Amino acid sequence: MLHGVLLIALFSCAAFYIGEMSFVRSISFSPMIVGIILGMLYANSLRNHLPETWVPGIQFCSKKILRIGIILYGFRLTFQDVMAIGLPAMLIDVIIVAVTICGGIYLGKLLKMDRGIALLTSIGSGICGAAAILGAESTIKAKPYKTAVSVSTVVIFGTISMFLYPFLYRNGFCALTPDQMGIYTGATLHEVAHVVGAGDAMGNGISDSAIIVKMIRVMMLVPVLLITTYLVARARKRQVQKGQKFQKIAVPWFAIGFMGVIAFNSFDLLPAQLVAGINTLDTFLLTMAMTALGTETSIDKFRKAGAKPFVLALLLYVWLVVGGYFLVKYLTPYLM
C-alpha cells in the first residue's frame, strides 16, 4: 500500500509546484485542480502498467486521506466570520444552496442522467466545488470517474465566472454596490479559489466579504451531507423491502469533525502561523485525494457519462449567474 501512497504524494508535490507557476496562479487553479488533471493524464497513459499491489494505496488516498482533509478544512473558518457578514448574506447563501441542489437533482431526472453524477454536480455547484464533491462522494460511495466528471464541470464554469464577474463589474454591467457585489461573488462562484481570484480583481472591499460569504456556503456542507445520508438510507431501505441486497450506509462522521474543528478554531487558541501551516497541510491532503480520484478516471469513462453532466452544469451555472444576481440586487436592500 505504501507504494501507492508515495506515488500519489509525488504527483501532489508536482501539483503544488505547478500551482505556484505564474500562469497557473493567474487562472486561480488550486493544487487540487492541478492534481486531478495530473491524475487523469496518468490514468490515460501509464495507468495500465501500475502494479496491482499499489492500488490499495491509491484507494486509501481517495477515501481515508480525503476525510482527514475535509475535517482539517474547518481551520479556515470561525463562527465569528459568519456573524460578521450578517443576515442578508446568510439568507442568500441558504437560498442559493437549496435551490441549486434541489433544482439540480430535479433537472438530472428530467435529463435522465446518472443520479450520482447529478447529485455530485449539484452539490459541487451549490456549495464549494471540488471539496464539496469529495465530501459527497465519500457519503454516497460514488465511483471515482463520476466524481471526476462532476469536478470537471465545476472547474470549467467556475473558471469562466472568475473572469466574467470582474469584467461585468468594471464595465458597469452589474448595478450592485461593493457590498452587494461581494455577496454575489461569494454566493455564486463555485470554488474558493475562484472567489479569491475574482475578488482580488475587483478590490479588497469586495474580496473580503466575498470570501466570508463563500465560507458560509462551505459550512453548509455539513447539513447537506447529513440530509444526503438520511435520504440515501431511506432509498436503500426501500430497496431492501423490495428484495434487493442491503448496502451499508456511510455515516459522514468527518462532517461532524469538520464542524467540531470550526468550533475549536473559533476560540483562537492556536497561533496564526500554526493554523496557516495546518491549512497548507490540508491543501496537500486534499490534493492527494483529488489526484487519486484522477488516476481512476479514463477518457472512456467520460464518454460513458456523455454530455448530460455538462448540460446540467450549464443550466445550474445560468441559475447561479442570473438568479443569484437578481436575488442579491432585489432582496438584500430589504434586509440590510
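Even glycines carry a Cβ here, placed using N, Cα and C.
Swiss-Prot annotations:
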TRANSMEM  2-19  transmembrane segment
TRANSMEM  23-45  transmembrane segment
TRANSMEM  85-107  transmembrane segment
TRANSMEM  117-134  transmembrane segment
TRANSMEM  147-169  transmembrane segment
TRANSMEM  210-232  transmembrane segment
TRANSMEM  253-275  transmembrane segment
TRANSMEM  310-332  transmembrane segment
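The stretch from 2-19, 85-107, 147-169, 210-232, 310-332 with the most CB pairs below 8 A to the transmembrane segment (117-134) is 147-169. Against the transmembrane segment (310-332), stretch 85-107 has more CB pairs under 8 A than any other of 2-19, 23-45, 85-107, 210-232, 253-275.
Long-range contacts of the transmembrane segment (2-19) within the same chain, counting only residues at least 6 positions beyond its ends with a Cβ under 8 Å from a Cβ of the stretch, are 25, 29-32, 34-35, 38-39, 42, 50-51, 53-61, 284, 287-288, 291-292, 295.
Counting C-beta pairs under 8 angstroms (sequence separation of 6 or more), the transmembrane segment (147-169) reaches the transmembrane segment (23-45) with 3 or more such pairs.
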